[in-house]
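K.L.:
Before anything else, here's the structure in question.
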Amino acid sequence: MTLQDYIERATNGVDLSHETSRKAAKLLFEDATEAQIGALLTALRAKGETETEIAGFARGMRDAARTITPDRTPLVDTCGTGGDDYDTINISTTSAIVAAGAGAAVAKHGNYSVSSLSGSADVLSVAGADVKAEPPAVEAAIERDGIGFMLAPVFHPAMKAVIGPRKELGMRTIFNILGPLTNPAGADAQVIGVYDPDLVPVLGRALTQLPVERALVVHGSGMDEIALHDTTTVAEVIGDNVDGYTLSASSIGLDSAPVEAVAGGTPEENAADLRGIVTGETTGPKRDIILANAGAAIYVAGLADDIETGVEQAATAIDTGDAKATFETLCEPNSASTEQK
């Protein structure tokens, strides 16, 4: 089948199979004109992307990616779709560092900001990390240090083909939700935040068609994170099973707090918050929201029996200095090596 055939099917409201979606993604990256790319993305958006199409496109993106295979298992990622209603501190990034400090092997996938003031690459770059590290260096870092950062444009060069059409369309497309599903290290334990509560069960079901063993897909009342200000909708994925539930701050041993209490700012301001949290200098809601999300990552890594226990282990990682040591290894390697001597 040609790309035109896929466009016609989607335009006529016909859902694409997993393998057809995978092949369509391959054609978008290799042979499509900008008009064809825009036509298929628009047709899928108008029809409504199914979990099977999402999983198939994710497979296609993985096929085109520069991948790594760190000798650590399970591999954890904390990556959200972005595009939520709030500009907060960098929650998933800070949570990844704390989870690694607690013993999880973290393959953090991220990018520069698109919709917010500060994306994961923005804040880590300001903090001193080499966010443009090549795949072999990231693989070695994960094996050696238990954490590495994979910048999306470095690991997904094929995405250049769709940048122009996506900008011209000016609307959300299937690519807005694929980032967390296309970890180049093949992370098999994930905490995925989504901007729309309706996507929680959809991505949960999509993950059962991908090589992910355990995951939490979360939406925190307007946030693509586990929230403190209100309930969080969760789809928990274990193998082929998806269970849905809600949780609150109190259900995982934390105090509720207004969303304004975790507001972020510029990359420089968010980097200061990140440093303050991992060193234990920052307390209150900003620390607590990191504990919530790091606790979830520790849980999916199999290091805790439930999220509340994961929260306790995240707090211990901060209080013992393990999170700080991980931060220094990732973001301030000269400082870390000096302290070790």
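Using N, Cα and C of the backbone, Cβ positions are placed for all residues, glycine too.
The annotation 5-phospho-alpha-D-ribose 1-diphosphate binding site is assigned in Swiss-Prot to Gly80, 83-84, Thr88, 90-93, 108-116, Ser120. According to Swiss-Prot, the feature anthranilate 1 binding site maps to Gly80, Asn111, an assignment based on sequence analysis. As annotated by Swiss-Prot, Mg(2+) 1 binding site applies to Ser92, Glu225, with the evidence given as sequence analysis. The anthranilate 2 binding site feature in Swiss-Prot is assigned to Arg166; the stated evidence is sequence analysis. For Asp224, Glu225, the entry in Swiss-Prot reads Mg(2+) 2 binding site.
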K.L.:
List, in sequence order, the same-chain residues at least six positions removed whose CB sits under 8 Å from that of Glu225 (Mg(2+) 1 binding site)?
P.N.:
Gly80, Asp84, Thr88, Ile91, Ser92, Gly193, Val218, Ile289, Asn293
K.L.:
Do me a favour and check the Cα-Cα span between Tyr112 (5-phospho-alpha-D-ribose 1-diphosphate binding site) and Asp224 (Mg(2+) 2 binding site); whole Å is fine.
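P.N.:
On Cα coordinates alone, these residues lie 16 Å apart.
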K.L.:
Just to verify a number: CA distance, Asn111 (anthranilate 1 binding site) to Asp224 (Mg(2+) 2 binding site), in angstrom, no decimals.
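P.N.:
Rounded to the nearest whole number, the Cα-Cα distance is 15 Å.
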K.L.:
Count, for each of the binding-site residues His109, Arg166, the other C-beta atoms lying within 10 angstroms of its own C-beta, and report the residue with the smallest count.
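P.N.:
Minimum Cβ neighbour count within 10 Å, taken over the binding-site residues His109, Arg166, occurs at Arg166.
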K.L.:
Which of Ser92, Asn111 has the fewest nearby Cβ atoms, counting only those within 10 Å, among these binding-site residues?
P.N.:
Asn111
K.L.:
Kindly assign Gly80 (5-phospho-alpha-D-ribose 1-diphosphate binding site) to one of the three DSSP-derived states: helix, strand or coil.
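P.N.:
For Gly80 (5-phospho-alpha-D-ribose 1-diphosphate binding site) - judged by DSSP and reduced to three states - the answer is strand.
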K.L.:
Could you give the Cα-Cα distance between Asp224 (Mg(2+) 2 binding site) and His109 (5-phospho-alpha-D-ribose 1-diphosphate binding site), in whole Å?
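P.N.:
About 15 Å separate the Cα atoms of these two residues.
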